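Written out below as structure tokens is the structure these notes cover.
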Amino acid sequence: MMSEAKVVESEEAHRTPKNLKLNNYTFACAILASITSILLGYDIGVMSGAAIYIKRDLKLSDVKIEILVGIFNLYSLVGSCLAGRTSDWIGRRYTIVFAGAIFFVGAILMGFSPNYAFLMFGRFVAGVGMGYALMIAPVYTAELSPPSSRGFLTSFTDVFINVGILLGYISNYALSKMTLKLGWRMMLGIGAIPSMFLTVGVLAMPESPRWLVMRGRLGEAKKVLNKTSDTKEEAQQRLAEIKEAAGIPENEEGEVVEVSKRNRGEGVWKELFLDSTPAIRHMLMATLGIHFFQQASGVDAVVLYSPTIFEKAGITIDTYKLLATVGVGFVKTMFILVATFMLDRVGRRPLLLSSFGGMLLSLLTLAISLTVIHQSQKKPIWLVGLSMVMVLSYVASFSIGAGPVTWVYSSEIFPLRLRAQGMAVGVVVNRTTSGVLSITFLSLSKAITIGGAFFLYSAIAAFGWVFIYTILPETRGKTLEEMVTSFGKFWVKSSTTKPVNNSHSQMPQLQQGTINVQN
């Protein structure tokens, strides 16, 4: 945070999304980094259909199937927990390569699985790689991007998750006519292909300028910032802010300088949880909450078990169920693309509030429809159609806000020294919640009916809307180093904020924790 700097009107105009001129180099780097997300999306999508054939081929119970499907998210916790320290050690770029290599091995193992135990081992390996990828891709993109396009570029993580889901659904449909023993193995093994492209493509990517500064490599950081900033002046301003955040004197201009261990990523866990300021505690609470509510509102139940939902709604033919899931993937992908262009224009809070509101209405209507169908001897065609529309409405609402904004928001709010670990904590909550939901959905549906399960998810979505309204401040248009000025007071009074006006007299201090979010 540059407490002495004044942000003049020209700089604010330069950050305004209306004047956005996308940096092609940064755009290409964000695309390459986000390819890792295709791997997760593909696994989510392909398992929804492959599980049908795995169950028949290996003669598995529903409990074993839901464990097989959901355990992937719990396995990813291993990678998420290690990713923060790994990325601080070897850099953001090579952590992405590492993630892709691990997932490649996991996909090959799954494709050649002879039995349930071997398949579970393959999912463990792939899950660890995915844990790495989910943490590092948004952090890398956020640290590389200029403020004017950070929301747009960081949202690529969720864009590619949705592209992967759609590809998984298409793979299910395309390979469903193969023999029982070969079909599902092909579905899972094909997931190794994107990881090969990722390993080659990452060679053209620069290292994160913030990681370079954290390691004292100012000369390399300057070159990267000059390529990824909108103007030379912005590159200089970003470098000065990063240097201050890393504890490097402003007048230090050497190619390589000495940086204290504290600013190189050591002792951050203690600072994050034990010695944190009110602003850091607010950031941590926002990150944990937004990741929890994103998953606890039922998205993986809909995406992973959409064939089961459609079957409960009255669609019994495998081909039709898989074709309907392709529709889910298509709608989800289209709406996430819309969201990417709105993030830096509308802001984070309006998209999140609209998203959770739409999810709540869709879940309630879906729960009512499935409950009526469950209690009816004949399944009314209009209710079957309404259930399908509500599934599409739910994924559309999710993709317009809760999906992309969660990754953007949690990757941009932490100070430099805490960013990797802060994001890792969010990913751990995200994957844990997703894993618990995925593993319990079939059992929960049997215990309280499938309609009852969606009533529960709708209640969680309602709590999520209240959490966002009261806790999460707007972050649009601020540099990563300025972000701390929005946090510290646990009640947000308005739905949007103007870009920060850093006048010397009005700049709040991090330690005081008395920041107000004003309209």
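Placed from the backbone N, Cα and C atoms, the Cβ positions cover glycine too.
Taken from TrEMBL as is:
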- 218-245: coiled coil (COILED)
- 29-476: domain 'Major facilitator superfamily (MFS) profile' (DOMAIN)
- 25-53: transmembrane segment (TRANSMEM)
- 65-82: transmembrane segment (TRANSMEM)
- 94-112: transmembrane segment (TRANSMEM)
- 118-140: transmembrane segment (TRANSMEM)
- 152-170: transmembrane segment (TRANSMEM)
- 182-205: transmembrane segment (TRANSMEM)
- 322-343: transmembrane segment (TRANSMEM)
- 355-374: transmembrane segment (TRANSMEM)
- 381-402: transmembrane segment (TRANSMEM)
- 454-472: transmembrane segment (TRANSMEM)
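In this chain, the transmembrane segment (355-374) lies out of contact with the transmembrane segment (182-205); the count of Cβ pairs under 8 Å, excluding pairs fewer than 6 apart in sequence, is fewer than 3. Per-residue pLDDT, averaged over the coiled coil (218-245), rounds to 85. Sequence-distant contacts of the transmembrane segment (381-402) (same chain, six or more residues past either end, CB-CB distance under 8 Å): 158, 162, 293-294, 297-299, 302-303, 306, 309-310, 313-315, 324, 327-328, 331-336, 338-339, 342, 351-359, 361-363, 365-366, 369-370, 372-373, 464. For the transmembrane segment (454-472), the residues of the chain that approach it from at least six positions outside its boundaries are 282, 285-286, 289-290, 293-294, 296-298, 301, 348-349, 352-353, 356-357, 359-360, 363-364, 366-367, 370-371, 402, 409, 444, 448, 490-492, 495, judged by C-beta separation under 8 angstroms. With a cut-off of 8 Å on Cβ pairs spaced 6 or more residues apart, the transmembrane segment (322-343) and the transmembrane segment (94-112) reach fewer than 3 such pairs and are scored as not touching. Here the transmembrane segment (25-53) has Cβ contacts under 8 Å with residues 65, 68-69, 72, 96, 99-100, 103, 107, 126, 129-130, 133-134, 136-137, 140-141, 144-146, 149, 153-154, 156-169, 171-173, 176, 180, 183-184, 187-188, 190-191, 194-195, 197-198, 201-202, 204-206, 227-228, 300, 303-307, 318, 322, 325, 329 of the same chain, all six or more residues outside its ends.
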